[in-house]
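Taking it in order: structure first as structure tokens, then the write-up.
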Amino acid sequence: MDSDNDVTLSQTKTAGSSGTEVYKQNGHVRAEEFEESLAKRIKLDGQPVSGLQTAANGGVGRRKGVAPVKKEYLIEVSQSTGQASPRAIADDDAAEAAKHHEKDGGGAKQKGRREKKGGQNIKRTFGRSQDEKQLCQTVAYYPEFSPNPCAFGKSCKFEHDIRKYLKNYKRADLDTFGGVCPVWEAKGRCPSGWKCRFVGSHMAERETEDGRKELVLVEDASRMRHPTSTNGIEVDGVVNVVTTEAKLALAKKRYQTPKADSYTTWIDTVSREVERNLHGRNQDEAASVPGNADGQGTSDSKDRKEDNRAQYTEPPFLPSEKRRLYFGPETPVLAPLTTQGNLPFRRLCVDLGAQLTYSEMAMSMSLVQGSKSEWALMKAHESETLPPAVNPKQTIVKDYDNSRDLKFGAQITGNKPWVALRATEAMTALCPQLRVIDMNCGCPIDMVFREGSGSALLDHASKLEKMLRGMNAVSGEIPITAKIRMGTKDSNPTATKLIERLIMGGVESHEIGRGPAGVAAITLHGRSRQQRYSRQADWEYISQCAALVKRLNEQTDIGTDTIKEPDARDQPSAGKVFFLGNGDCYSHEDYFNGIQKSGVDTVMVARGALVKPWIFEEIEKGQYLDKSASERLALVEKFARYGLEAWGSDEYGVGNTRRFLLEYLSFTHRYIPVGILEYLPPSIQDRPPAWKGRNELETLLGSDNYKDWIKISEMFLGPAHKDFKFEPKHKSNSYEIVAEG
């Protein structure tokens, strides 16, 4: 049912219906129509309640956990509406692995007659957006009279008459964006052909030699690119495009990964030898290792270690020399974000100043099996292949070549070394435009954890080290990095031990005479798996780990008991392991505090970028930016444009863009403008009270009712398809109650 909290816009109609001039003029959104400030219209059934104690309304100081909104922007609501309390903090695990969480499908059954509104809608559906009758591919992209016979002939279930399709089976053209197809406008041609929802802007009727009128698609050669299907090379501004043949070879187990296979065999062989030698020594030998009375114990111990190491099989090959990396204060990082971290969103963040980006987390096994959806995660926009901006006056890293660097990296996770190694070798060959390959050891989602991936690797440090060492060996010039959490349990943080192992190498590595695993960077999320997002990130612990990393990097004798100097190819390419902090970064103050006070090289921004993508702009300028409602709406429009370019402007592409735009709005609606806050800095953990904006559009953008998000999407994508569905990720946004009695 409709919520009593729905924002009402005076004389407003959805895009495509009468009265759209309130939103648009000549197809463009007119944010100026929202200059007057109007409150949310809330039905008051009882006496108003105002229980928020902040400095703004007479309270003393800043109330912990509640956003300090100025008194004049607070809304007094009745007890019957149930809105007096601040909104609950949403479970943001989905920002790390939403689609894998949705696959889990678990969840206890709801008891009682009122549905529980907390938690997540695990089994979400989005309906289908498609034409009433689809156009056959043999005519979808060609002039009306093109001689392209259909192999199915009269038995084909799709339409072949273009005029009939346009008149009867395709919805009317959209009049947003001035009625001009954003894809055609950007690229000079539209890959959606006759199925485009803006096809009227790039079609024409011409007269043929025999006097007939023929419909044709129009292209603008001056703006067209020349796409190529060469593996991994740019196609219409997108890189890392994997061919169908390669994915099919993977699916049929015909794709060869010789390096991964031989290295996996070596890992298995050496692991058995190490296990036998480490745990099979007799007690007398073990007792004699520390030393003896004549002081010759150290020499004897080294001789014994040298003899032991001679028993082990040498690795089949050593890692290739890696591309030099740099992480610093001028390179804020956009975290890997499943679902939300899609190509259009990353492209938007790069526009706003993000210097480094990551793909959504991909499952190694799915990559090895040739999954189309998983390999699609490797695609990146051409803007992500540009070098990150660095300070040219500063000596950064020896032999660092900024011109060879790029912004985009990929993140994977896996539960077995052979899977991770095969995925890494395939990615190295098929996706050349990668800055790094990052191993996710922090994903808290139950399904991922139960498979032994994600944060489960934190409790299996030896296996993780083998995986990273092997990935480093097969990844060519692409460096390997790792993202971890404090540990799996609140009471037992293990990150310090794990960091020491990853930088120095574990006991097994020293047993066989090998050095560290060769990771180029480590990112620490300042929470445990058990904690999830329930409390603030522990930057004190991150600071301790940063000091540890600095100390280990400064050690000249890596591995105090090693016999030989470690091979340079086992070492980080930059001569040091970079250390990144992650957690609750929501402003430029948080960012620079992390670098200056906690000692990290740079900060990885996750939810802060989801709520306000211009956080990167704030970091670059070193100040808060009080974005107006019209400026924020312009970012929504830009996301819609980028979405149509990425997913297409046909019915399916518009539906897909709408779905991800609504996911985007499910985070951005949490933003409270800094201009209406009593205190700064804002905290991402603060729950917002009921508030109104400085004008009606600002109020609309802050609505937590998903029906208002759909209204916003219709400003740019027109009315939703009749079969389109959107279920908010968080049940608290759904406003749906099971009727009683």
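FYI, residue positions are counted from 1 along the chain as it appears here.
Here the Cβ of each residue, glycine as well, is placed from N, Cα and C on the backbone.
Marked as region 'Disordered' by Swiss-Prot: 1-28 (among others).
The compositional bias 'Polar residues' annotation in Swiss-Prot covers 1-20.
The feature region 'Disordered' is assigned by Swiss-Prot to 43-65 (among others).
For 77-127 (among others), the entry in Swiss-Prot reads region 'Disordered'.
The feature compositional bias 'Basic and acidic residues' is assigned by Swiss-Prot to 96-106 (among others).
Annotation comment: Swiss-Prot describes 130-163 (among others) as zinc finger, evidence class sequence analysis. Each residue in the zinc finger (130-163) gets a DSSP state, and the totals come to 5 helix, 2 strand, 27 coil.
Taken from Swiss-Prot, the feature zinc finger covers 180-205 (among others), and the record attributes it to sequence analysis. The DSSP breakdown of the zinc finger (180-205), given as helix, strand and coil counts, is 13 helix, 3 strand, 10 coil.
Per Swiss-Prot, region 'Disordered' is recorded for 280-323 (among others).
For 300-309 (among others), the entry in Swiss-Prot reads compositional bias 'Basic and acidic residues'.
The secondary structure of Asp584 (FMN binding site), as reduced to three states from DSSP, is coil rather than helix or strand. Using a 10 Å Cβ-Cβ cutoff, Asp584 (FMN binding site) registers 23 neighbours. Taken from Swiss-Prot, the feature FMN binding site covers Pro336, Leu337, Thr338, Gln411, Lys483, His525, Asn582, Gly583, Asp584, Ala606, Arg607, and the record attributes it to similarity to another entry.
Under the heading active site, proton donor, Swiss-Prot lists Cys443, citing similarity to another entry as support. Under the three-state DSSP scheme, Cys443 (active site, proton donor) falls in the coil class.
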Query raised in the report: FMN site residues Pro336, Leu337, Thr338, Gln411, Lys483, His525, Asn582, Gly583, Asp584, Ala606, Arg607: biggest Cα-Cα distance, Å?
Result: 21
Requested in this report: Please report how many Å separate the Cα atom of Arg607 (FMN binding site) from that of Cys443 (active site, proton donor), as a whole number.
Outcome: 15
Report summary line: Three-class DSSP assignment, Thr338 (FMN binding site), comes back as coil
Report task. Look up Arg607 (FMN binding site) in the DSSP assignment and reduce it to helix, strand or coil. Result -> helix
Report summary line: Same chain, |i - j| six or more, Cβ under 8 Å of Asn582 (FMN binding site); the result in sequence order is Ala335, Lys483, Thr523, Leu524, His525, Gly526, Ala537, Val603, Met604, Val605, Ala606
Query raised in the report: When you tally the Cβ atoms that lie within 10 Å of each candidate's Cβ, which of the binding-site residues (Lys483, Arg607) has the highest tally?
Result: Lys483
Requested in this report: Could you state the whole-number distance in Å separating the C-alpha atoms of Pro336 (FMN binding site) and Cys443 (active site, proton donor)?
Outcome: 11
